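Below is one structure, written out as structure tokens, with a few remarks after it.
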Amino acid sequence: MTIGIVVFPGSNCDRDVHWATQGCLGMSTRFLWHESTDLNGLEAVVLPGGFSYGDYLRCGAIARFAPVLSSLLEFVNKGGKVLGICNGFQILTELGLLPGALTRNQELHFICDTVPLLISSQRTQWFKNYNQSKNIFLPIAHGEGRYQCSESILKKLQDEDSIALKYKNNPNGSINDIAAITNKSGNVLGMMPHPERAADKDIGGIDGIKILQALLSN
């Protein structure tokens, strides 16, 4: 089973994801250039962090038109797993696979830190193997990570148990402390924290490993 890692012009976390999945966990991976439309043979796809297309106009606004994402819509509809990390989460909202939007941080500056997170839902495979009573610690690095949505969308996320992670100490002003959400089916996860930067105990802890392992779990 193989994971596809999408590479956009301006991406800078695709190699990090490759190292965490293949280098640390021994998973088979394949880089997908943004112009590719062939997702055959893939179990899951990762949209990594970075600054796709320089984040001009708005984070993820240009990336959403990449040819690879047309194929991604069909991939998701067939049940394929998709993980969007940071800029990847922004792209998923622009694409309409996840509701809401990511906006400028409340204090209007870039945040780079390791933060405690609360597992808000174990409904999906992504977080089933975590102890919900314990915080996990993952790095964040973003200037536009403040999750925003309407009250009706927030209620829907709550009713569907789709809020996956919450910040314990909200660093960016996200509504309801939201750090990660899933779609109703649970096969799409968007998150601002970086699990790939917490997959090696020597360089940042291992709290992200189980999220990455879920890419290939049934």
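For all residues, glycine too, the Cβ spot is worked out from N, Cα and C.
According to Swiss-Prot, the features are:
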- 2-218: domain 'Glutamine amidotransferase type-1' (DOMAIN)
- CYS86: active site, nucleophile (ACT_SITE)
- HIS194: active site (ACT_SITE)
- GLU196: active site (ACT_SITE)
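Per-residue pLDDT, averaged along the domain 'Glutamine amidotransferase type-1' (2-218), amounts to 92 for this model.
DSSP assigns GLU196 (active site) to a helix.
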